[in-house]
Structure formats: C-alpha cells, structure tokens
Amino acid sequence: MMNPWIDISQRLDEHIPVWPGDTPFSYRTRWNKAESGSVNVGQITMSTHTGTHIDAPFHFDNEGKRVIDLDLNIYIGPARVIHLSNPKKIGIDELQTIDLHGVTRLLIYTGAWTNRTTFPETIPYIDPPLAPYLKKYGVRLIGIDLPSVDPLTSKQLPAHHELHRCGIHILEGLVLDHVSPGDYELAALPLPLVNADGSPVRAALRKMG
C-alpha cells in the first residue's frame, strides 16, 4: 500500500493574511442555482503570492521567465524535509550538519510563522551565500514555511536573485508543522498562468519508502 498524501498548503479563505497592501483573498458565488437553474459558479480574487505559492523569476526580474515558461519537473519529485529550530537566518552554518547529497528539492521547516491568521512582522531569511552552496549539491528547488526567502523589508531581494542565478526555484508559504524530517515525494504544480509572476499551488508530500 502506498503512503497517503500529506497536504502542506495553506487554506484559502477570507482569513488568510496577505502582504501589506496586496490584494485580499475573496471568494463569492457569482451565479447561484436559483439564477442559473442548474449550477453554482464562484469567483475568486487573489494575489499570485497568497498562501502557498511559487515565485517565477519575473516576480523580481523584468526579463525573467513567467509562470507558463517554468519546467514542471522542478515541482514534482523527490524532496527532503529538514527542521531548523527557529533560526534567525538560514545559511551555510545552519545547514552544515544536514546531508544534502542527492537532494534536488529541499523543504525547510523553521517554525517561525506560528500564527498564520496574521502576517508576520519579521522572519528568518535565506542568507544569499547559501544559494551556491545548495547548487553544489544539485538542489533545484527550495521551499520554506515563510512568506518570503528575503527579509520582509528588503527591496533588493538578494536571496531571490542569488537563488535564481544558481538555478534554484522558490516555493513559499508551506505548512510543515505536521511533517517529520525525511524524504518524500513532492507535488506542487503552478497553474498555467501565461503572464504571471507567481502562482498559488496545492502542495502535497508522500513519504518515500
């Protein structure tokens, strides 16, 4: 019997926090059965960076790829989940004891965003020198349980740019509280948004072995 899939996505409703100033999430029934005679039809309004989502390079680089141009293979396949104990930053020192050999997709639990009904004021961030360190091991995707890989006040977004330079894609806003460290199969496909800078995903893990 295969292991069950574990949902690691944030639930999307009107209570989900968004970046200050960004588009709030809303869902409403635009057309109900009484009006249509047959079906309910809903309408969603949201940012491309609400909840669990991927960043396309166009998010931080005007010349970068859009969501539709991304290789779907990046978001499906073996992944390693690691736990860090509420670090101030996520850098080489924090990962030195972690075996990364053969890891293509690295998902990091920090436990730093405990109340997901409010947007955090500060978060641990990816230290840019970590990017070439991960590239050396062949990592192509990094996922975190935070809304960004950079400090929330950053305008230069050094981690975004350095990860991109090293060919490492970004998955943000994961829910990993209920996931033990180890090796899993990941599925976190973006929507086929032609011009978008990011996309919500339904991310899930299945224990390997």
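Just so you know, the numbers here start at 1 and follow the chain as drawn.
Including glycine, each Cβ sits where the backbone N, Cα and C put it.
Going by what Swiss-Prot states, the Zn(2+) 1 site holds H49, H53, D55, and the candidate of E162, E172 recorded there is E172. Take the Zn(2+) 2 site that Swiss-Prot assigns to D55, E172: the candidate from H83, H160, H161 listed for it is H160. Listed in sequence order, the residues T48, I54, H59, P147, S148, I170, L171, G173, G198 complete the 8 Å Cβ shell around the Zn(2+) 1 site centroid, once H49, H53, D55, E172 themselves are left out. Of the listed recorded positions, namely H53, H59, H160, the sparsest CB environment within 10 A is found at H59. Taking the Cβ of E172 (Zn(2+) 1 binding site) as reference, residues of its chain lying under 8 Å away and at least six apart in sequence are, in sequence order, H49, T52, H53, I54, D55, G143, I144, L146, P147, S148, V149. Ranking the binding-site residues W19, H49, D55 by C-beta neighbours within 10 Å puts D55 at the top.
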